[in-house]
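Features reported for this protein in Swiss-Prot:
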DOMAIN    9-41  domain 'LisH'
COILED    63-88  coiled coil
REPEAT    114-155  repeat 'WD 1'
REPEAT    157-197  repeat 'WD 2'
REPEAT    201-240  repeat 'WD 3'
REPEAT    243-282  repeat 'WD 4'
REPEAT    288-349  repeat 'WD 5'
REPEAT    351-390  repeat 'WD 6'
REPEAT    395-434  repeat 'WD 7'
REPEAT    436-459  repeat 'WD 8'
Amino acid sequence: MSRLLTIRQAEELHKSIIAYLSANNLTNAAAALRAELGLSEEVFDTGTMVKYETLLEKKWTSIVRLQKKIMDLEARTVALQTELNNATPTSLSKRNQDPASWLPKVPARYSLESHRSTVNCVAFHPKFSSIASGSDDSMIKIWDWELGELEATLKGHTRSVLGVDYGTAQSGVLLASCSSDLSIKIWNPSDDYKNIRTLLGHEHSVSAVRFIPGRNLLVSASRDKDLRIWDVTTGFCVKTIQGHSGWVRDVCPSFDGNYLLSAGDDITARLWDITNISNPEAKLTMVGHDHVIECCAVAPQTSYQYLAPMAGVKKEAVSKLGAVEFIATGSRDKTIKVWDRRGSCLMTLVGHDNWIRAIVFHPGGKYLLSSSDDRSIRCWDLSQDGKCVKTLSEAHGHFISSLRWAPNVVKEVANNADSGNGKTDSNGLLKGKDNPPNVQIRCVVASAGVDCKLNIYAN
């Protein structure tokens, strides 16, 4: 008799095996085992058979489930141990105080619910604690991310809202939205989010919209394969850029406003020089993914110190690099690629188990964050060749469609008239280097998904 089981447990096991064999018409085997154990047929009446005939199968399937759960927990333990191993004693104590090394963690500070369908996009107000979300329910909702409260619901679009973005124009901070209804709408936050303009011109769903820094312009990307540049004041389309052969899924302007990065269904990412709006120039086409490119991002200058060595740039030359030196793309092939401006792929980040839906660079420059249809958010350390150092598993209950980092807070400092204007974009690209402004990183990240939720991660 097994020393692992008590006498009662052994008897239960024997009865379960005999009942299982009998239920599956293995009567000879059941009779042989019953004889070997010295059990009479009277022991197995109808009631006993019913009780034990499925017990063995239930035990077996429960063991398989437990084994899977154990394996998942072991994998999570390994990931957490790796994160601990990568952290120095000082970094562990300072991480919460140092914005440059802060990373989001679960649980989220708030999980905001009000949308009735998939939340496709989010955008932070550049100054206040407001955040906008757009949904398949055709609505835009404005929230206070510090308080976790709904402030307003904007109605105007007639189909899914696919993109939102805050930006600073001549008239102040504005909110732009785009939709499957083929329109772009501009809303004025200082006037109760009044819809002040509707831009028409695209011939299919408008998938992304972004303000172009410092130029009173908007750029939009569409399923009609075009990029369009719009004058925010007049609402006129000032230029249509053609080049993609499929749906343009995403567009991202450079921090100085002179370049556009676009990507989409033709499995390419393209860099455009729009210094001269009337004559945009295609500068670069990046090819390397194996499936649709869902998202793209321009690296901030704070990332250059980590990425430049991979591109063969010497340390002393990093400060001389331009506004668009490195970019990242996320694809349905489950990978993220980081490129230099020559079109060389510096690294391919592998780890997600499903489509990559959104990517964002940490304002401090050291990390790249991504979200995926595998319901996780991953943090990649660019100083360690893109190693995944943190995973927020099950960050949402379904696919994660959007991920944004709150823009930096810029505090102007006094400077001489000839020392540069001291201004910076939302990710810290300095425009005046003699007396740079005080740029404060806001440790706030938002994600949104098919579970109809908007999650806020904050320090």
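Glycine is no exception: its Cβ is also placed from the backbone N, Cα and C atoms.
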Query raised in the report: Going along the chain, which residues at least six beyond the ends of the repeat 'WD 8' (436-459) come within the CB cut-off of under 8 Å?
Result: 96, 99-100, 102, 104-106, 108-113, 115-122, 124, 131, 133, 135, 141, 143, 145-146, 148, 358, 360, 363-364, 369, 371, 375, 377, 395-413, 422-424, 428, 430
Requested in this report: Across the whole of the repeat 'WD 2' (157-197), what does the mean pLDDT come to? Round it, please.
Outcome: 96
**Report entry** Non-local residues, at least 6 beyond the ends, that sit with Cβ under 8 Å of the repeat 'WD 6' (351-390)
**Finding:** 79, 82-83, 86, 99-105, 294-297, 299-307, 310, 328-332, 334-336, 338, 396-405, 408, 427-428, 441-442, 445, 447, 449
Report summary line: Same-chain residues at least 6 beyond the ends of the coiled coil (63-88) with CB under 8 Å of its CB atoms are 95, 381, 384, 387, 389-391, 393
Query - the domain 'LisH' (9-41): DSSP-derived helix, strand, coil residue counts - result: 27 helix, 0 strand, 6 coil
